[in-house]
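Over in TrEMBL, the protein carries these features:
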type	residues	note
TRANSMEM	46-64	transmembrane segment
DOMAIN	50-537	domain 'K+ potassium transporter integral membrane'
TRANSMEM	84-105	transmembrane segment
TRANSMEM	173-196	transmembrane segment
TRANSMEM	216-234	transmembrane segment
TRANSMEM	241-262	transmembrane segment
TRANSMEM	316-341	transmembrane segment
TRANSMEM	361-388	transmembrane segment
TRANSMEM	443-463	transmembrane segment
TRANSMEM	470-495	transmembrane segment
TRANSMEM	501-521	transmembrane segment
TRANSMEM	533-556	transmembrane segment
DOMAIN	550-795	domain 'K+ potassium transporter C-terminal'
TRANSMEM	576-594	transmembrane segment
């Protein structure tokens, strides 16, 4: 902690010192909360079992690509055997470079304690550099066991990159926009994957009956999609035990059929493993439809990004084992066998997968293919739920209802509103295009954009988190872009052939996320700059210039320090306030989870006879507010335990003693430890000197700007519970009596409006888009399960 010079203290003045003495940060409390966790070790048998289970969750999307790849490479048919061999060679080395080398062995290592996806990378970066656009973090948050970060030498490359990123706000905004682009296109995957997978699998019924109308195939696909989305509320845990055997059976099927076709039709396709045929393929088709073919090859690696996004319940090593031993070999056999069949049956390229299956196992293969397509769709739908949850926690998405579908797995959730939006859009795409080619173009565009975003985000990850040598970073980005840029160009050239769909979907979600985040930041900045000076609170006296009525008031605020302006607005317009006031700050941190025993921080604000406390509840982006949790009881028991610890410390315990809270009855946690609950400390703890959550002279309201004392202060103040308790027993009894008298939850409702001189775009975004989303989204009272009869909304413009 940087020490303050004499001049700085003089400039800040006595008001700042008073604020710091009366409302100190929670450094030592947070330090006492940190526990030691050991990294989990997995036995060989357990790793193999987890590798088997990962097949059903992680690899379904990637495994169903052989259903539609060759058709999208050659939509106009095949004229030359060399074209098929060249396309196969491209598929082989694309699978090797992107899924195998880039993702399985590099990107998966960039997980955030087992969590994957674009927002997980962003959270990882936010912990290593101050790039979070909502500056609600404090160094106490870094004491969490899940808050891992690196330290850098003064003149190292990583330190220079860190300072460069933190230097200007526009760099942080550019990084956020990049993350939102990747996130929104990943949501598009959740719409397009079920459409193309189920439609391709349903096409098998037409192979045996060529006179069947395409509308029948589309109708079957729509019925399957409706059934798939209608079962989401049961959760993947209910049917998860079926997924892995289905996908394993699918990989064994495509691998076996591929091997048989290589032997039966044309084993000369094996020369496609020579990369020279890639060069010949480009040279021969450069002046014709090379970009169309590249867009089709791109579909062979769809599902790779979902592989990273679904990284939740499996160790990286288990996924590496499953991919290298089962997925990768079976995919190579499947594509090679299809190429061998197409060379011998060039007219069957449109439905080569089903036509290459022996007649004896055709219908069992059709059933397995349909089941595998459903599993693949389930994986991307679940990934979409996780992405929305992460975005919501980091302030980038409106509050929606989240249902926890599994008691075993934290990551298995269901979002009803998003589920039905996905269903409507998925049916619209399937029924609107009716063919794999145009949906494939849209799908490829979404996938390649997500991959490019991941590539760019990996650069600061490798420099800041891994401290990799710049040569390795350059090698990684050159090899990645060498493959992904041509595919990106190929997909962009197909915008008018269906690729526009993914861009429209991504743009719609991007506008929602960016507008919501922008207004959230503005609300937080308003509350930071208009918070009330502690000197003003102290000047009101223990009664706060009001009648202190029996009861407890939980005042919810986004501020982790200081008194929110909404509180002064409340006591200025009402003649009474509760005997006990607790300022509750619920904030999300850039970590995947906050252990329940480290979730709550409690401190007293001001002298004891004020009966004012602050409680900070910290959550990670994977944590959920469960319906069976009694948030009110958890808060109250944390305050009670704080008072006991405070008394114990004053009773003679040394500062080195550590106390841990027993499990809160019925709440599943809430352990607190502390050594700094004493209010008699002579020194003044200051915030970080880097400006994060720091108090300066312009952060506090000077007396001339403070709200005038309420007119009710002239009334004779009376405390119905008598004088403030002088012993801990009396104070605990006092708190319990106040709770029995009633608890009120006071929620601030700050209405955001654009300034009159704002531009038209900002007025539309703030006054209409954000206002509409605020009306449609869930209230905080519902999220925290606050009883309606105990709720009091205090509004301000």
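Placement of Cβ uses the backbone N, Cα and C atoms for every residue, glycine included.
Since we're looking at a predicted model, the values are computed, not measured.
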Seg_contact(the transmembrane segment (173-196), the transmembrane segment (316-341)) with at least 3 CB pairs under 8 angstroms, min sep 6: no
Segment-level pLDDT (mean, integer) for the domain 'K+ potassium transporter C-terminal' (550-795): 65
Contact set, same chain, for the transmembrane segment (470-495): CB under 8 Å, 6 or more residues outside the stretch: 94, 97-98, 101-102, 106, 157, 291-292, 294-295, 297-298, 441, 444-445, 448-449, 451-452, 455, 458-459, 462-463, 503
Folded-back contacts onto the transmembrane segment (84-105), same chain, C-beta under 8 angstroms, at least six residues removed: 62, 69-70, 73-74, 78, 268-269, 271-275, 277-278, 280-282, 284-285, 293-294, 296-298, 300-301, 304, 307-308, 319-320, 323-324, 328, 331-332, 335-336, 339, 342-343, 451, 476, 479-480, 483-484
Outside the transmembrane segment (216-234), six or more residues from its ends: residues with CB under 8 Å to it: 194-195, 198-199, 202-203, 205-206, 370, 374, 377-378, 381, 403, 405, 414, 416, 419-420, 422-423, 426-427, 430-431, 434
Other parts of the chain folded back onto the transmembrane segment (316-341), taken as Cβ under 8 Å at six or more residues beyond its ends: 42, 47-48, 50-52, 54-55, 58-59, 62-63, 65-66, 69-70, 84-85, 87-88, 91-92, 95, 99-100, 104-105, 108-109, 111, 248, 251-252, 254-262, 264-267, 269-270, 272, 300, 307, 348, 352-353, 355-356
